[in-house]
Amino acid sequence: MAGQSRKWMILVATIWIQAFTGTNFDFSAYSSSLKSVLGISQVQLNYLATASDLGKVFGWSSGLALLYFPLWSVLFFAAFMGFIGYGLQWLLIQNLISLPYCLVFLLCLLSGCSICWFNTVCFVLCNQNLPTNRALALSLTISFNGVSPAIYNLAAKAISSPECSLYLILNSLLPLITSFAALVPILRQPPPQTLPQDVVRRDSFIFLILNILAVFTGLYLLLLNSVTTVASTAKIIFGGALFFLVLPLCIPGIVYARDWALKNIHASFRLQGSGFNLVDVDDLELHKELLIGREEYYKNTMNGTMKSEEEKEGCYEKVIVQNRLLVLGEELPARVLVSRLDFWLYYAAYFCGGTIGLVYSNNLGQISQSLGFASKTTELLTLYSSCSFFGRLLSAAPDFLRAKLYFARTGWLAIALLPTPIAFLLLTASSSERALEAGTALIGLSSGFIFAAAVSITSELFGPNSMGVNHNILITNIPIGSLAYGLLAAKVYDGNVKSSGLANMGIVDGVSICMGRQCYLQTFLWWGVISLFGLLSSGLLFVRTKPAYDRFEENRILTTDSVY
């Protein structure tokens, strides 16, 4: 029982870490101030946003650190990297120190690297302590990374400071404080143990309750954040948000008490064969058998089918059939991974979907300013983060709905990409506040789903044991996309500043800014076309991988029926 309670404390600690370390999402809140202090162009500001995303390229360093240092020390390494990176930027904006542009670039890089280190710690904690429900644990905890801007916005309002630089000092201090709060559960990790089937069922039920609670948390932050205008109200609402983050500690205890009561007081009400069994032990064993026996499976089941398919002629068959995935979970080393069409379709879908949504959030400050809604920037960030949070929660839909509605996870990915081109079409057609809010919500929802679902998809398509390396290869698209898409937006923006004349140009703190719809109109058109290409790539990936998912599900059902 002690070990069971400690694993839930670790899960909650992981939620805390993720909720307070999504610091790269609030870049737009202080980017204009940073641009003014440094006296730089929009292109140079884009390089700073890219530097934060470029930290993901060095995410592998956290895994290397874990080979030589204990987990808690890696957590504090991450906290102090953020403390230094954001703290010095805050001193710069406060005009307490003077820093050259190249050093600010390195500070942004250091801050971005700290986020990757935090994520690695969270992934390791979930893998070590919740192996049976790993997918649900990762989906739930990663979701809370999306509410960071909403929480930081509430904290800023509670302090009642009009300065945008406040976000930087919060980015510097809150992750460090959270690391101290999470230290005790991390130091008291339970030893690995095999769980009986009734415990697996109960854990799945607890995850269902935690996801419902997470939805209420997201709605609370989304709805009440927008009505907060005075510091006293913001303090109360911020306290409520902290209460919602602590409340998950109580849920497992309530479920355990309920099970004890049902067992000892009214045994006839016990939940045997509960419909909430999301991850069954038999499914895990089947997955292992498929992986171990995949060579025999190729010989006995696949050879004839694939041979007949490869004999077909035409471009369609070559794109859809040739060298496609045969069995879920096949371990692919990096050199084989980069030679697979499935990987590059997946890479393109992520590159043209989730990454473009992240770049949109980085530019949200300038977008709202150019349209005349500069005062709405923090509210738009809250809207984006809250919708990103709900998108991340929705990434668990394949696991919750599998018994009633089975659909390949790559198909869910294609559906999740659909709102992005719709959003850019809306932003191109209208420059109203409502259109901006609707487009921001759709992009946040779509990108949030992709960020959370990608971990499970990588594991299923290219092997769970190789996931750490393969997923780091996948997310190299984020800094590349951040640079390319951001540079596109910055070139269009600066071009409009030079060509628009005084009628459509403003001066803020001595820096020229672009005003009007034309500042981002061409950018939205390009981003919309690119996101359509990502949608096409995800559709092709779904068609190519659907047979493998269908075979896995058929074998799972056959094995389950034979057991019962």
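Cβ atoms here come from the backbone N, Cα and C positions, even for glycine.
Here TrEMBL flags 7-252 as domain 'Nodulin-like'.
Per TrEMBL, the feature domain 'NFD4 C-terminal' maps to 330-546.
Residues 75, 78, 82, 114-115, 118-119, 121-122, 125-126, 129-130, 137, 140-145, 147-148, 151, 174-175, 177-179, 181-182, 185-186, 188-191, 193, 199, 206, 210, 245-246, 248-249, 251-253, 256 of the same chain, all 6+ positions outside the signal peptide (1-21), place their C-beta atoms under 8 angstroms from a C-beta of that stretch. The signal peptide annotation in TrEMBL covers 1-21.
As annotated by TrEMBL, transmembrane segment applies to 63-86 (among others).
According to TrEMBL, the transmembrane segment annotation covers 98-120 (among others).
Per TrEMBL, the feature transmembrane segment maps to 135-154 (among others). The list of residues near the transmembrane segment (135-154) in space but at least 6 beyond its ends in sequence, with Cβ under 8 angstroms from a Cβ of it, reads 11, 14-15, 18-23, 25-26, 29, 119, 122-123, 126, 167, 170-171, 174, 204, 207, 210-211, 214, 217-218, 221-222, 225, 228, 234, 237-238, 241, 278-279, 378-379, 381-382, 384-386, 388-389, 391-393, 395-396, 399, 444, 448, 451-453, 455-456.
Summarising the annotation, TrEMBL assigns transmembrane segment to 166-184 (among others).
What TrEMBL lists as transmembrane segment is 204-224 (among others).
Among the features that TrEMBL reports, transmembrane segment is placed at 236-257 (among others).
Feature annotation from TrEMBL assigns transmembrane segment to 343-361 (among others). Sequence-distant contacts of the transmembrane segment (343-361) (same chain, at least 6 residues past either end, Cβ-Cβ under 8 Å): 25, 27-28, 49, 53, 337, 367, 381, 384, 410, 413-414, 416-417, 420, 440, 443-444, 446-447, 450-451, 454, 457-458, 461-462, 474-475, 477-478, 480-482, 485-486, 489, 527, 530-531, 533-535, 537-538, 540-541, 544.
Here the transmembrane segment (411-429) has long-range neighbours at 349, 353, 356-357, 391, 394-395, 397-398, 435-436, 438-440, 442-443, 445-447, 449-450, 453, 457, 520-521, 524-525, 527-528, 531-532, 534-535, 538-539, 541-542, 546, meaning same-chain residues at least 6 beyond its ends whose C-beta is under 8 angstroms from one of its own. What TrEMBL records for 411-429 (among others) is transmembrane segment.
If you look up TrEMBL, you'll see 441-462 (among others) marked as transmembrane segment.
Tertiary neighbourhood of the transmembrane segment (474-493): same-chain residues 41-43, 45-47, 49-50, 53-54, 56-57, 59, 343, 346-347, 350-351, 355-356, 358-359, 362-363, 366, 370, 454, 458, 514, 519-520, 522-523, 526-527, 530, selected by CB-CB distance under 8 Å and a gap of 6+ residues from either end. Per TrEMBL, the feature transmembrane segment maps to 474-493 (among others).
For 524-543 (among others), the entry in TrEMBL reads transmembrane segment.
Only residues 6 or more beyond the boundaries of the transmembrane segment (441-462), in the same chain, are considered here, and those with a CB under 8 A from a CB of the stretch are 123, 135, 138-139, 142-143, 145-146, 325, 328-332, 337, 342-343, 346, 349-350, 353-354, 356-358, 360-361, 383-396, 409-410, 412-413, 416-420, 422-424, 426, 470-471, 474-475, 545. For the transmembrane segment (98-120), the list of distant contacts is 17-18, 21-24, 34, 38, 40, 44, 47-49, 51-56, 58-59, 61-63, 65-66, 74-75, 77-79, 81-82, 84-86, 88-89, 92, 145, 171, 175: same-chain residues at least six beyond its ends, Cβ to Cβ under 8 Å. Note on the transmembrane segment (166-184): residues 13-14, 16-17, 19-21, 23, 26, 29-30, 72, 75-76, 78-80, 82-83, 85-87, 89-90, 93, 111, 114, 118, 152, 155-156, 159 of its chain, located 6 or more positions outside it, place their CB under 8 angstroms from a CB of the stretch.
Over the domain 'Nodulin-like' (7-252) the predicted model carries a mean pLDDT of 84.
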